[in-house]
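Per TrEMBL, the feature compositional bias 'Gly residues' maps to 15-33. Annotated region 'Disordered' per TrEMBL: 1-74, in sequence order. The repeat 'Solcar' annotation in TrEMBL covers 81-176, 192-280. Taken from TrEMBL, the feature transmembrane segment covers 249-277, 298-320.
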Amino acid sequence: MGASDPEVAPWARGGAAGMAGAGAGAGARGGAAAGVEARARDPPPAHRAHPRHPRPAAQPSARRMDGASGGLGSGDNAPTTEALFVALGAGVTALSHPLLYVKLLIQVGHEPMPPTIGTNVLGRKVLYLPSFFTYAKYIVQVDGKIGLFRGLSPRLMSNALSTVTRGSMKKVFPPDEIEHVANKDDMKTSLKKVVKETSYEMMMQCVSRMLAHPLHVISMRCMVQFVGREAKYSGVLSSIGKIFKEEGLLGFFVGLIPHLLGDVVFLWGCNLLAHFINAYLVDDSFSQALAIRSYTKFVMGIAVSMLTYPFLLVGDLMAVNNCGLQAGLPPYSPVFKSWIHCWKYLSVQGQLFRGSSLLFRRVSSGSCFALE
């Protein structure tokens, strides 16, 4: 995906909460309308009131029910809701960590196993590099099963900090109540609303990314130590001290700019493409128009994430470049002067999408491997 790691993508964050909020808001508006109608009539006689069916209590406003003013973690159960999101995110992060670990080792160019000869769809012989499962099995042979979770602790802390930051920002800067788009004509005139929502999401994503990036850098460096079998970064606190002593405050934010650019391009590309497709390509006369529109942003997220992958790759490489680890020094990687230098180098080598595929990995034409 287009996010820095297999975190939940920006376009997917808050999706369930948004749907729930829309439903609650509609219910509240209906309840408010019913209350007005009931007050307009005369109250029923006392002898007709049934003891088992008391008069329903007045329902709160739509803004109070759907939590638009508070977002994630608003209301009386705010700590419980926020803790639930953090716990759910931690579970997803832990399960996906081996995938990210293998992907990062491939990104830095570590290929400890030789390629194997296979055939493509045309019957020609080609060289295939080890897939994710083969690579993961190799890591288990070297470090044991626990080795697949190297660098997990700072990554869990990074994701938890990101979740809490987004929830806090929704409380401080509540989003406007989202109006339901009912038909195609409304979709065509809702570009201003899409721009406003995307700008709000971009602000939250950039702030949470900046605050969590130092922990992301520590996690990346802990993982790439597998290449040179180093033990320089062993814990979060000790890693913070080493980075600050050797690189200063800026050392915690290496690789931040390409990650931010990738997030911004991803959000705007995904949301605008989904809006224009829903507004101009999906015809209301089609019976499955609503179902198609509900999945458009998901599909666009997958497509745009492929296009923004180079930003993720460059950001991760800069996080480990020239940090004293073998994976960030020649011959694995030259010492890059900036992330633009890294981008140009990968572009010349034809490696801007290195590590994007973990199942069918063919040896590129510029590789040192050759057929026997």
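Cβ from N, Cα, C; glycine included.
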Using DSSP, tally how many residues of the repeat 'Solcar' (192-280) sit in helix, strand and coil.
79 helix, 0 strand, 10 coil
What residues in the same chain, six or more past the boundaries of the transmembrane segment (298-320), come closer than 8 Å to it by Cβ-Cβ distance?
1-4, 9, 11-12, 104, 107-108, 216-217, 220-221, 224, 254-259, 261-262, 265-266, 269-270, 273-274, 277, 327-328, 333, 336, 339, 342-343, 346, 352-356
So how many of the residues in the repeat 'Solcar' (81-176) end up helix, strand or coil by DSSP?
65 helix, 9 strand, 22 coil
Looking only at the repeat 'Solcar' (192-280), report the model's average pLDDT.
94
